[in-house]
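Worksheet: one structure, shown below.
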């Protein structure tokens, strides 16, 4: 009888690693630093990430498939909020390792909500305590680390800085040790499961999130209507959907200056990501109530609700 592991190359490990935590705790920044390039969009605003996205890192015999998730949060009235919470919760199922990202000192109700879900997973858990580079006296961190260990006794606690990369080598080593023996799921040069169209839409949305600040209308999504390479130029037409005329005016800005700036910043990142000259055109359209319309959300790529 042939052993099921006989076909697995010696030393080969591969598995899924869910990165979970409350909104705006540094999950996407962590993924980007691990991958060594910008893949997941980031901003200072909560709920920037709306979809699960795979970030794939292959180093020698180890392939870690990281799942970047929306932050679990309490505001769940609209269909979009329910979608994000379900998406984040679903990531805890059928993964091989969970990285629970928390802030170095701040603990919220939403952190507690994530903790209560993580306590019931059957796979290994790593607690990544983020932003520890901002603490002058490391001894001040110890009570928080001890408390976290009490909450998840089987978990390994790792102080990190997602922004500066501090201790990420330690975190990745712990992940690799916990991955099962397996053939790799993806080609060595593949870094994500998401399409180029999806990544382009996310870059536009990121620039909107960063530009608008306190004016930010959260009822924004981006559709890519055209994505076509013609010679050396990649032509991208993106439609920005909002829910009200007032939001449309905010995005366009005075004499179109804001949408021009959004487009310029998005185009720069796209040219790096796609290694091509990019011609980006943006339009803004009002689609009332889309963020609370399950049918509209499905048509916009938000999956099952």
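Here, residue 1 is simply the first one shown, and the rest follow in order.
Even glycines carry a Cβ here, placed using N, Cα and C.
Summarising the annotation, Swiss-Prot assigns domain 'Era-type G' to 13-181. Residues or ranges marked as region 'G1' in Swiss-Prot: 21-28. The GTP binding site feature in Swiss-Prot is assigned to 21-28, 68-72, 130-133. If you look up Swiss-Prot, you'll see 47-51 marked as region 'G2', on the strength of sequence analysis. Per Swiss-Prot, the feature region 'G3' maps to 68-71; the stated evidence is sequence analysis. The region 'G4' feature in Swiss-Prot is assigned to 130-133; the stated evidence is sequence analysis. Annotated domain 'KH type-2' per Swiss-Prot: 204-288, in sequence order.
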Segment-level pLDDT (mean, integer) for the domain 'KH type-2' (204-288): 91
Secondary structure content of the region 'G4' (130-133), with strand meaning DSSP E or B: 2 helix, 1 strand, 1 coil
Assigned conformation of residue 27 (GTP binding site) - DSSP reduced to three states: helix
The domain 'KH type-2' (204-288): DSSP-derived helix, strand, coil residue counts: 41 helix, 30 strand, 14 coil
DSSP-derived class (H/G/I helix, E/B strand, else coil) of residue 69 (GTP binding site): coil
Fewest other Cβ within 10 angstroms of its own Cβ, chosen from the binding-site residues 24, 69: 24
